[in-house]
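What TrEMBL says about this protein:
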TRANSMEM  286-308  transmembrane segment
TRANSMEM  355-379  transmembrane segment
TRANSMEM  385-410  transmembrane segment
TRANSMEM  422-446  transmembrane segment
TRANSMEM  458-481  transmembrane segment
TRANSMEM  512-535  transmembrane segment
TRANSMEM  541-569  transmembrane segment
TRANSMEM  581-600  transmembrane segment
TRANSMEM  612-641  transmembrane segment
Amino acid sequence: MFILLWAGLVLWELSGHVHLVMGWLGVVGTLRACSSCYGLAWCWGNSQGMFILLWAGLVLGELSGFDFCAIDSEKRPSENLGQVLFGERIEPSPYKFEFKKKVDCKPVCTKSYNTNKPEDKAHLDFLKKGMLLNYQHHWIVDNMPVTWCYDVEDGQKFCNPGFPIGCYVTEAGRPKDACVVNSDFKDKDTFYVFNHVDITIHYHVVENEAAGARLVAAKMEPKSYKHTKVEAPDCTGGPMYLNNKFSGELKIGYTYSVQFVEDKHIRWASRWDYILESMPHTNIQWFSIMNSLVIVLFLSGMVAMIMLRTLHKDIARYNQMDSVVSLEDAQEEFGWKLVHGDVFRPPRKGMLLSVFLGSGTQIFIMIFVTLFFACLGFLSPANRGALMTCAVVLWVLLGTPAGYVAARFYKSFGGEKWKTNVLLTCFLCPGVVFADFFVMNLILWGEGSSAAMPFGTLVAILALWFCISVPLTFIGAYFGFKKTGIEHPVRTNQIPRQIPEQSFYTRSLPGIVMGGILPFGCIFIQLFFILNSIWSHQMYYMFGFLFLVFIILVITCSEATILLCYFHLCAEDYHWQWRSFLTSGFTAVYFLVYAIHYFFSKLQITGLASTILYFGYTMIMALIFFLFTGTIGFFACFWFVTKIYSVVKVD
């Protein structure tokens, strides 16, 4: 019975990290009947064998670029849609071992270099660049990351789902990154290659079922050995070093050791716990939640004060027809009632606003359902690519509500060009996203990157868009236009009311800029972890926290927009439609500013193409966030305005 461990890399050059993030479990050969063969179950007895295949994902650059040990005889598995969109490619590599058979210092391959040959020199330079930027291997077996666990401060242990390909000691003698783990790494201006790994497979025997075992943890420790006999290595001696100014011939032998440990305490269902519990972010997450809740309580108190005290008093006075309050006093104290004849006047550029609302509704439902499924565990990190696949499929299927909302509001705005409205809903926002994505894909093609989306997948995406999403949008728009227009509680005057001169804080631009601060304050800590998971080699699994922050963001956007809307109505400015959308949507501008700060402060991106890719994908995220938050603000303000004017008696 053989276990074939396929290892590899995801070369995520954008963030200066190498990731193996895609794993796939394949069963090859004839198995004896085993009642518990889901997950990883090794069945022994008279079985002919069970092969566990661990594949390596590749992003930006082929595995051969680093000239590591590789194998070409194995067939690559197919990736799902989410994996392809994230640019993850799966490649095999030749690590083999038998179950429960200990392996000591087994050679994999030997790489020889001669700096006098341009090709060899290019391979060495590329390897040194990877070590300088802290590129990392990420290995996966049975869909479990092979982790490198090491001690951190306060006696805690951190399990990193990856390990570096090497490290560098600067010209000043300062060890960088992983070089701090070994006191032998001390030569100045020198690279140290991690060419050996000690792998430990933890398993437990299946109880009360057919004889077998399941993998519950896979751990490793990277080491560096300058093998004296490359053909027959013994994994002793000093580290495998490479001076930055080295010239001549060099041989690097890659080896590995394997041992199996039975662990009766870890159950298969909880095998991810040791990785997730070592993540040092839980306290920060709770701080973020408490910070957000304080903001929500503050805004809720403000809104409650307006709704229950000020508005209640206003409405009571307006409805007392025999009140002694004169009209002049009413105008001085309660300005929002004076614009009742203009508050539902159609906004300028109503076509564009209705299209944004339709796309925003589509995105809102997509995010809500995706996060809900993620909280239930269907889209956990173990289901690789499932999160993006779910989001794309939901977006395609949610064309109907997008068309319905856009058509309904466009009709209420008095629009008559329904064909233009439907076409813009189908193609404007999705077209901008697709055009940006296509340009990024062209850059990846030009760079010769394996992360470039294949032409067939691009056609499949277009087919989903044109053959499913567009027809569903037309269906939604048909029902939206067929239904009677939205009835407003007050009539709109034929002649627009003149808006008095506004003070600085009641003008549109200051209100819009201030309105996005509080919602961004609720999410910026979560945003840091999300950006880390996208651009760095960190795992994001806290969907419960994220869903809670999502709810808090919706509440904060709604309440902040309602507050500012009330202040503007009191100042007799009735242009609330676009302002409510832009007030919440301005949160996306703060998101963009934060992404720029993150780029310069946290990432080590070099090269024009990589920089363009980062900001290209960031612009897509900012646009989606703008439509999402803007739609929340508009609907909250629409509900608020409809509510307060529906309870006021108008002569």
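Using the three backbone atoms N, Cα and C, a Cβ is placed for every residue, glycine included.
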Which sequence positions outside the transmembrane segment (581-600), separated from its termini by at least 6 residues, show Cβ-Cβ distances below 8 Å to it?
353, 356-357, 508, 511-513, 515-517, 519-520, 523-524, 527-528, 531, 535, 557-558, 560-561, 564-565, 614-615, 618-619, 621-623, 625-627, 629-634, 636
Does the transmembrane segment (612-641) reach the transmembrane segment (385-410) with at least 3 CB pairs under 8 A, where each pair is 6 or more residues apart?
no
Which sequence-distant residues neighbour the transmembrane segment (355-379)? Criterion: at least 6 residues beyond either end, Cβ under 8 Å.
386-387, 390-391, 394-395, 398-399, 401-407, 409, 421, 424-425, 428-430, 473, 543-544, 546-547, 550, 581, 624, 627-628, 630-632, 634-635
